[in-house]
C-alpha cells in the first residue's frame with residue numbers, strides 16, 4: 001500500500017519505502033470487534049446494539065457505521081489493523097482482506113524453484129511442517145530448517161484440512177477408512193516389541209553402528225509396509241493421501257527410535273558410502289541429514305564468545321540449477337532461497353541460515369556429507385537418495401539464475417579414498433546406453449532371451465571364461481503338482497485382485513490382505529503366500545502374480561575373488577522387492593543318499609532349518625516350507641543358482657503357492673531384506689539340514705557375524 005494509517009492522528013503517514021525490511025512482530029491473537037451505534041459501547045452500555053451481519057464494504061443499515069473487522073492484541077492495548085475501503089472517507093483505497101484460510105503453502109514456480117507438490121502437516125505446536133513427497137523433497141528454500149513435528153504428530157493433508165481442530169500432544173492412534181479402523185499404535189508397538197526396541201537406549205540414539213542403523217531402517221520399513229497393507233485393505237478410495245511413510249517415521253521419532261541424533265561433520269556411524277534410501281525420512285532416522293525437507297543441514301560451532309553455523313550435509317537432487325558436469329567428483333550446488341514468495345514477489349538469496357553455513361564451512365574447511373537424489377525410473381516421480389560420501393567446499397560466488405535473481409553457488413570436491421557411489425551409477429548408465437563397454441564382459445545375455453531383462457556374464461577377476469554348462473530355464477517346472485486338500489476354483493478378478501475385496505478367494509487365502517503393493521513390493525512375511533494360479537481369471541499383470549513375471553532387475557553373474565561365481569544387480573533394489581525364483585528340477589532326496597546330494601552344489605532344500613531372521617520373522621516361529629521340496633539347478637536353472645551363502649544375508653526366500661483344480665504348486669521366491677545398492681552381491685542363508693553333521697563347508701562370506709561354516 002502507498003500510505004499507512006495512524007489510528008491516533010487519523011491522518012495519512014509518509015510514503016512507505018518498500019526497499020526496507022521492517023522488523024514486524026507476529027500477531028498474537030485476533031479479537032473480533034462488533035459494530036454499535038454512535039456513542040454506544042458494548043462494554044459500557046447495559047443494552048448494546050445487537051450484532052448485525054453486514055459485508056465489510058457495506059451497504060450498512062441505519063445506525064451502523066463501517067467498522068474494523070479485527071483488532072490485534074499483543075498483550076497490550078488493542079490497535080486497529082486494517083484501513084476501510086474507499087467509501088469510508090479515508091484517503092487511500094485499500095482492497096478487501098484476503099481470508100486467512102486462503103494462505104496455504106504455495107507451489108513453487110519454475111522461476112527460481114521447481115514445481116514440487118507440497119503438503120502441509122499440522123504439528124502439536126502453532127506452526128505446521130511442510131513435507132514433500134519423496135520424489136520432490138530436495139527443496140533448498142525451506143524456511144523451517146528442521147521439522148519441529150518430529151517429536152509430535154504428523155497427519156495426512158486431508159486430516160489437517162478437514163479435522164477443524166488442532167491435535168496436540170500424543171500421536172494419532174487410528175486411521176479410519178470406509179468404516180474400518182486400524183490401530184496404528186498397536187501395529188508399531190508389536191513390531192518394536194519383536195525387535196526389542198521399546199526402550200531405545202540413549203547411547204544408540206546418540207551414536208549408531210551398522211547393526212543399529214540397519215535395525216532402525218528395517219523396523220521403519222516393516223511398520224510402513226504393514227500400514228500400507230492395512231490401509232489399502234480398509235480404504236479403496238483412489239487418490240487418498242495415506243502417507244504411511246510419514247506416519248511410520250513420526251511414530252518412531254515420537255518413541256525416540258532413531259540413531260545418530262548428535263550432529264557431526266564427516267561420516268555418520270553405521271552408514272556406508274554408497275548406501276541408498278527410498279524415503280527422505282530414512283535420512284532423518286539414521287542422522288545422515290536431519291531436515292525433513294530443507295536441502296542444507298547445519299549446526300552451530302563455538303568461535304571464541306560467539307557461535308557460527310557450519311554445514312554438515314546437503315541433499316542435491318536436481319531441483320535447482322545444480323550441476324555435476326562430467327566430473328562426478330565435483331558438484332556445483334545452489335544455495336537456498338531465491339524463489340517466489342507467497343505474495344508473488346521475487347527476492348534474491350541472502351547470506352543466512354544454510355547459505356551462511358556453507359560459506360563458513362568454506363573458510364573452516366570441514367567435511368560436508370553429500371546425498372545425491374536420483375530419479376527412480378521404476379517408481380516415477382520418486383527419487384532414490386545415494387550417500388556419495390564427504391566433500392569439501394572449495395569456492396563460492398554469486399550469479400544470476402534463470403529468473404534473474406542473485407543466487408549463491410558453491411563448488412564442492414569429493415574427498416579421495418572413498419568407495420564408488422554416484423560415479424558407479426554414472427558408469428552403469430553408460431553401460432546401458434552403450435556409450436561405454438562393461439569391463440570383463442563375456443556374454444551380454446546368458447539367458448538367451450529367456451528373461452525379459454538380459455543377464456550379463458562378467459569376469460574382471462581372472463581368466464575363467466564361465467561356469468560349467470547348464471540349460472537356462474526361467475521357472476520351476478512341475479511334472480505333477482502336489483495333491484490339493486480341497487478343490488480351488490480360482491478367482492474371477494478380471495481386472496486383477498484388489499485390496500479389500502473380501503469376495504476374492506485369493507485374498508481370503510492370504511488372511512484377507514493382498515501380499516503385494518501396487519509397486520510390486522512384498523508387504524508381509526508369513527509361512528506361505530498364495531498367488532493367483534492357473535484356474536484364476538486375473539490377468540498376467542495382476543498384483544497377486546508378482547513372482548510369476550520373471551526377473552525385473554538388470555542382473556549380472558560375476559566372478560568373485562574367492563567364492564566362485566556370484567550374482568548382483570545393476571539396478572538399485574528396494575526392500576521387499578521380488579528378485580527371482582529358484583528354478584530347476586524337483587528331486588527326491590532321502591537320508592540314505594544325502595551324501596550324493598551334496599555333490600550337487602546347486603541344491604535348494606526347503607526342508608532345512610533356517611535360523612529365524614529376527615529382522616524379518618518372528619523369532620518364535622521357525623522358517624520352514626509346508627511341503628518337502630528339494631530343487632536341483634545343476635543341469636537346469638536360472639540366475640538364482642549363482643547366489644552365494646552369507647551369515648548376514650540381504651536376500652531371503654519365501655514359499656509361494658499357486659493353486660489349480662488339479663493340485664498345488666510350491667515355488668521359492670527371493671525378496672530383498674533391505675535396500676540393496678547397485679553392484680552389491682546378492683546373498684542368502686543356505687540353512688541347516690536335518691543331519692547337520694553332513695555337508696559342512698568353510699564359510700567365506702566375510703560378515704562380522706560369520707559363524708565360520710555353512711552347509
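Quick reminder: no glycine exception, Cβ is built from N, Cα and C everywhere.
Listed ranges 64-100, 138-174, 175-211; the one TrEMBL annotates as region 'Disordered' is 138-174. Taking TrEMBL as the reference, the stretch among 18-38, 39-59, 102-122 described by the feature region 'Disordered' is residues 102-122. Summed and averaged per residue, pLDDT over the domain 'YDG' (266-414) gives 88. Remark: secondary structure over the domain 'YDG' (266-414) totals 18 helix, 64 strand, 67 coil, with classes taken from DSSP.
Within its own chain, the domain 'Post-SET' (695-711) is flanked in space by residues 210, 562-563, 594-595, 598, 608, 644-648, 683, 686-689, which lie at least six positions past its ends and keep a Cβ under 8 Å from the stretch.
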